[in-house]
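Written below as structure tokens is the structure these notes are about.
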Amino acid sequence: MQRVLIVEDSKVVQQVLRHLASLYLEVEIDFAWSLKESREYLSKHQYTLALVDLTLPDAMDGEVVQHTLRQNVPTVVLTSKIDEYSRQQMLELGVVDYVIKDNRDSYLYAVKLVSRLLRNQGCKALVADDSMISRAVMRQMLEKQLFTVLEAQDGEQALHMLKEDYEIKLLLTDYAMPTMDGFELVKAIRNNRGRDELAIIGLSGAGSHGLSAKFIKFGANDFLAKPFMNEEFHCRIMQTMEQLNLIAEIKEYAHRDYLTGLYNRRFFCQQAEKLFKAKPEQYILALLDLDLFKSINDQYGHEGGDSVLTQVADLLKSVFNHCMVARIGGEEFAVVLPGNDMQVAERAMNDFRNRLAKTQFDINGEILFSTVSIGLAFCNHGSLSQIMRAADKALYQAKAQQRNRVVVYS
Ligand SMILES: Nc1nc2c(ncn2[C@@H]2O[C@H](COP(=O)(O)OP(=O)(O)OP(=O)(O)O)[C@@H](O)[C@H]2O)c(=O)[nH]1
């Protein structure tokens, strides 16, 4: 479990930080008022990160920062003002970043920064650069931001590592490298890793005019010219990782049905088409349609109907957690079952059908029961629409045979 230490001596500011932390940080948090109290906490617990006020009544010269860093706790500093001398001092000490407390938004920024850094933990970053020194500098900076850092000394090695390891979420690549340069690397990797899966920042030495635009055109998210300032590096990485998360979140929303959280019809069709084309003999498709659902709506209202749909979806998720499950219409669901044994598939669907028939659906304290009809088809019947039509015909037969049954397309 991640744990954060927040040190702030002002009562009002600590109250604001407590409030923001409760909104944005889902981790264990300890709040301290002073260096003395911070020492006590640090002796008792291991911290992932610290957010500390630079000056405290018992530590006027930033001793608390020195203390957290000595304990190897990555530290973000809150400070009311900063001059060039103290900025240098802090960077030399090795703080992750500093936030100037000059307006209301600073605290929100600081807490969101902590949240962003916590999300970096466990994320792999790959540094591709032929200079050992550059790699070492970037490793140090990225590790401060809690990334797990990997290194490649040329483009080919980087490409190989990226193809093997899908946990790598960030690539920092130099332009000039032996065997494969940065452009070739970005072009090659963008063929199979989209902007929602991998963030890329291009790097280049001084005097390499025009490289930034080229890197971005080839698919990089951003660009950094060497030598860069600590703060610039930090901000660019943060911003790029934020983008990566936002794109992934938007994509996830676009794939999901708003009511049940299952995959929606569009995503189901895209994925099923790929699966059935690649290995048609490896899957069986089940289409499920709740019986006489209209009467549930008529009796319990649309909200009651929605509640039943959500409960059915939850049951499907838990029973078929190893399969692709989607809501493809109002009260219609699809399950892609792996394997080619129709008897096994039929048994699994009958088990589900029986379980659903025994399920008590609770609508505002009122209990009701529902049943489902199911059509099954092999996935080697040609195109996706032909396969869907086959399963649909079987489903239609199940409905015609008084519902609450499983029929296999033949
Ligand atoms: N509550 C709710 N109802 C929906 C939703 N989408 C579709 N429906 C309703 O689902 C019902 C489907 O009714 P029908 O197609 O007549 O089928 P049925 O009553 O289930 O009868 P059979 O399929 O023949 O067993 C309609 O009343 C739709 O309004 C939804 O998102 N929420």
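A Cβ is built for glycine as well, from the same backbone N, Cα and C atoms used for every other residue.
These features come from TrEMBL:
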- 3-116: domain 'Response regulatory' (DOMAIN)
- 124-241: domain 'Response regulatory' (DOMAIN)
- 281-410: domain 'GGDEF' (DOMAIN)
- Asp53: 4-aspartylphosphate (MOD_RES)
- Asp174: 4-aspartylphosphate (MOD_RES)
Listed in sequence order, residues with CB under 8 A of Asp53 (4-aspartylphosphate) and six or more positions away: Val7, Glu8, Asp9, Ser10, Val13, Val64, Val77, Leu78, Thr79
For Asp174 (4-aspartylphosphate), nearby residues of its own chain (Cβ under 8 Å, 6 or more apart in sequence): Ala128, Asp129, Asp130, Ser131, Ser134, Gly182, Leu203, Ser204
The domain 'GGDEF' (281-410), counted residue by residue under DSSP: helix, strand, coil: 63 helix, 35 strand, 32 coil
Model confidence over the domain 'Response regulatory' (3-116), averaged pLDDT: 93
